[in-house]
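Only one structure is covered here, and it is reproduced in the block below.
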Amino acid sequence: MSLDYENDSALHQELITQVLSQYPHKAAKRRQKHLSVASDREAVGEEGETLSECDVKSNIKSIPGVMTIRGCAYAGSKGVVWGPVKDMVHISHGPVGCGQYSWSQRRNYYVGTTGVDTFVTMQFTSDFQEKDIVFGGDKKLEQVIDEIEELFPLNNGITIQSECPIGLIGDDIEAVSRKKAAEHETTIVPVRCEGFRGVSQSLGHHIANDAIRDWVFDKADGKTDVEFETGPYDVNVIGDYNIGGDAWASRILLEEIGLRVVGNWSGDATLAEVERAPRAKLNLIHCYRSMNYICRHMEERYAIPWMEYNFFGPSQIEASLRKIARHFGPTIEERAERVIAKYRPLVDAVIDKYWPRLQGKRVMLYVGGLRPRHVITAYEDLGMQIVGTGYEFAHNDDYQRTGHYVKTGTLIYDDATSYELDTFIERIRPDLVGSGIKEKYPVQKMGIPFRQMHSWDYSGPYHGYDGFAIFARDMDLAINNPVWDLYDAPWKKMTVPTAAVAAE
């Protein structure tokens, strides 16, 4: 289902001019490249698909002193890619703060006994002190690894997530990794994800992907897992971090159409799933931004094709299932159609219930990796309209992909500052804003409903057909919550009769 609507291009262009007028000339010139309005849609491709132009600059270093909403390379590696691998211990190598303040913030669900065979929600740090900066921390790192192997013998590997001081003082974590891996006969992966590298968490994703290539795949080449037998319908689900159980909801659908998910990266993942990934027949990538690097490597090195899919909302679920099924042929295509038909009554019931309550409601999005585009059609499936969307750390190809989703006149903003985002929201007054925890409370103080689209506001899953029902319920609860009727003080709502005023 695709809604036919256009946004107010003139208003959105006026808003861009307004926010730029408040900057000094040099800053305004730089920020102008990051703000745009989606231009007219044109027909592209054999199926007549329409495409909007989202012409903004991206993946550029933020201006110092201007508050933006980005993270660092350490956040991209440890917090996104490696952290959810459940049977490995992930050391935050450096001062305690980075690990402490990022401890268990992402809702990466997993199955296992924490502290015994799974370690996702635990925080391990080398707790760098001043003397470690002066004399180096390699010996301390060796001691930390020894202690982990003694205290947690059921771990299947260790990653070393280096923080800023490690790169600045030049510690050789690679040498320590090789030494201790041989000594303990285990996998130890050094990740050079110091926070000062790159312009955002996006480089941390890339570095983490490279670490998988260099320290997992290359080490495993030539080795065969005799317990793992390949099949014709083996797939890897890559870039799904199981926020609120998303990966499990996606896996249900893929298995129902006849595929076997042999690895899920990296929500609820094990090291073994990562190691055997090159033996799958197809890589299905959900978060393109964070995991396209390793998919491209596997395509070049192991000839494994990859495709992007989207399980947000019934329109994209159906399109993705059919696209995936076409890769495997008539048998899987037939099963995919049966699965789509099976869930159609559920979809119809959800839409019948929530469409009257949500139709025409306007939404602004500002999130990370893929959600500023992937969730658009899920909102439209409920009759809602996207008036603005943007990314914290996107690259140019992300905005090219966004053109397939947005309508003409949509406000586009990259690496938005707090001032820009607040101004856009205050002037547009959407019915709902979907963004992160830092934006949640300022938006609610404006009297505008909000949903946290990084962690689903502690709800979920939002993937799959079951997830769509939860998604619709949550959007309805946010927008139609009676609390918004209490936002204005009673005395501001009161109207005093003219006659009464005259009598006084």
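Cβ atoms are placed via backbone N, Cα and C, with glycine included.
[8Fe-7S] cluster binds Cys72, Cys98 as Swiss-Prot records it, and from the list Cys54, Cys164 the residue named for this site is Cys164. Under the three-state DSSP scheme, Cys164 ([8Fe-7S] cluster binding site) falls in the helix class. Fewest Cβ neighbours within 10 Å among the binding-site residues Cys72, Cys164: this applies to Cys164.
Around Cys98 ([8Fe-7S] cluster binding site), the same-chain residues six or more apart in sequence whose CB sits under 8 Å from its CB are Tyr74, Ser92, Glu163, Cys164, Gly195, listed in sequence order. Here the Cβ of Cys287 ([7Fe-Mo-9S-C-homocitryl] cluster binding site) has 21 other Cβ atoms within 10 Å, regardless of which shown protein chain they belong to. Note: the CA-CA distance between Cys72 ([8Fe-7S] cluster binding site) and His454 ([7Fe-Mo-9S-C-homocitryl] cluster binding site) rounds to 16 Å.
For His454 ([7Fe-Mo-9S-C-homocitryl] cluster binding site), the same-chain residues 6+ apart in sequence whose C-beta sits under 8 angstroms from its C-beta are Arg106, Ile243, Val367, Gly368, Gly436, Ile437. His454 ([7Fe-Mo-9S-C-homocitryl] cluster binding site) carries neither a helix nor a strand DSSP state and counts as coil. Report note: the [8Fe-7S] cluster site is defined by Cys72, Cys98, Cys164, and the residues of the same chain whose CB lies within 8 Å of the CB centroid of those residues, excluding them, are Ala73, Tyr74, Ala75, Gly94, Glu163, Glu194, Gly195, Phe196.
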